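Notes for the one structure printed next.
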Amino acid sequence: MKLISIILFFFLLPLAFADLQLGFYASSCRKAESIVQQVVQKRFSRDKTITAALLRLHFHDCFVRGCDASLLIDPTKNTTSEKQTGANASVRGFDLIDDVKEAIEATCPSTVSCADIIALATRDAVALSGGPKYNVPTGRRDGLVSNRNDVDLPGPGIAIPDLKKFFAAKGITVEEMVTLLGAHTVGVAHCGFFLSRLSSNREKPDPTMDPALDTKLVNLCKSSNTAAAFLDQNTSFVFDNEFYKQILLKRGVMQIDQQLALDKSTSTFVSNFASNGDKFGKSFANAMIKMGKVGVLVGNQGEIRKNCRVFNK
């Protein structure tokens, strides 16, 4: 009788104690992941930059309140949202998430969360760019709060010790931090993010930047501060380990990227990934899975939004 009571107790626990799991939608929305993949494939075929956009969107969402799709909420006349901050002003990919959500709602209404769509779409875009293929545990719920005052994301000039503290607070190790920044292999940065490093804005050239790269970037940014540079100057649209090779050659565009190769606490990881693309791919997949679990809502927490841009009424 006591054993039966214990079993019943666990079955009656609130669903919030549930966890993410592979194939979460296997019975409730069997085609969910294939729908995500189809929409991402269609976009990628005409816009290779969508991979970088989704990676940034995923990072910026997870590192504020957790991976709860709070970044997707639009502000209203009476409420603010995370979208309104300077750090999120140039985040893209919201329209793709909308397209996926619309397609899934037509098949499985109020079943698949926007938070899961972000994680799945990012995974698929990475694979399409030549990156690792990995399974994403699902079962996330969408958050009920989106406040601009909660956004405190690291900038491109942050020092490595401060960056490590930021990631550590989210449960991310130093090696995982260096791994996740490898996403910059398909990234771009507007001139405003690195102007201070260029010889045109300094008394002396930055000794940590390759002179040829400095000249190239100075010429790029002369025309407009809104111009953008690839963070991986070699294989810009391919998800590989070239980013690490570039920063070992002092060809890091942003200060934070270059410092990864110079700081003693991170340089070993950079060298390891630069010399072993397979190791980077496996490490990146594991780091993304771990990051995708940061601060998630599950079970009966949060909600399943019908429209990713607004909370349910």
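Along the chain as shown, residues are numbered 1 onward.
Note that Cβ sites are derived from N, Cα and C of the backbone, with glycine treated the same way.
Quick look at what TrEMBL lists:
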type     : residues                                 : note
SIGNAL   : 1-18                                     : signal peptide
DOMAIN   : 19-312                                   : domain 'Plant heme peroxidase family profile'
DISULFID : Cys29-Cys108                             : disulfide bond
SITE     : Arg56                                    : site 'Transition state stabilizer'
ACT_SITE : His60                                    : active site, proton acceptor
BINDING  : Asp61, Val64, Gly66, Asp68, Ser70, Glu82 : Ca(2+) 1 binding site
DISULFID : Cys62-Cys67                              : disulfide bond
DISULFID : Cys114-Cys308                            : disulfide bond
BINDING  : Pro154                                   : substrate binding site
BINDING  : His184                                   : heme b binding site
BINDING  : Thr185, Asp232, Thr235, Asp240           : Ca(2+) 2 binding site
DISULFID : Cys191-Cys221                            : disulfide bond
Local Cβ density at Arg56 (site 'Transition state stabilizer') - other Cβ atoms counted within 10 Å:
20
Determine, to the nearest whole angstrom, how far the Cα atom of Cys221 (disulfide bond) is from the Cα atom of Asp232 (Ca(2+) 2 binding site).
17
Around Cys191 (disulfide bond), which residues of its chain at least 6 apart sit with Cβ under 8 Å of its Cβ?
Leu217, Leu220, Cys221, Ser224, Asn225, Thr226, Ala227, Ala228, Ala229
Return the residues near Asp68 (Ca(2+) 1 binding site), defined as same-chain residues 6+ apart in sequence whose C-beta is under 8 angstroms from its C-beta, sorted by sequence, else 'none'.
Asp61, Ala115, Arg140, Arg141, Asp142, Gly143, Gly295, Val296, Leu297, Gly302
Residue with minimal Cβ packing [other Cβ atoms within 10 Å] among the recorded positions Cys29, Cys62, Val64, Cys114:
Cys29
Using the centroid of the Cβ atoms of Thr185, Asp232, Thr235, Asp240 as reference, list every other same-chain residue with Cβ within 8 Å of it (recorded Ca(2+) 2 site), in sequence order.
Val186, Asn234, Ser236, Val238, Phe239, Asn241, Glu242, Phe243
What are the non-local neighbours of Asp240 (Ca(2+) 2 binding site), defined as same-chain residues 6+ apart in sequence with CB under 8 A from its CB?
Gly130, Gly131, Thr185, Gly277, Phe280
At the Cα level, what's the spacing in Å between Gly66 (Ca(2+) 1 binding site) and His60 (active site, proton acceptor), rounded?
9
Can you tell me the mean pLDDT for the domain 'Plant heme peroxidase family profile' (19-312)?
96
Candidate with sparsest Cβ neighbourhood (10 Å radius) among His60, His184, the listed recorded positions:
His60
Count of other CB atoms lying within 10 Å of the CB belonging to Cys108 (disulfide bond):
16
For the binding-site residues Gly66, Pro154, which Cβ has the most other Cβ atoms within 10 Å, all shown protein chains included?
Gly66
Which residues does Glu82 (Ca(2+) 1 binding site) neighbour through Cβ under 8 Å, counting only same-chain ones at least six apart?
His60, Asp61, Val64, Ser70, Leu71, Ile73, Asn88, Ser146, Asn147, Arg148, Asp150, Val151
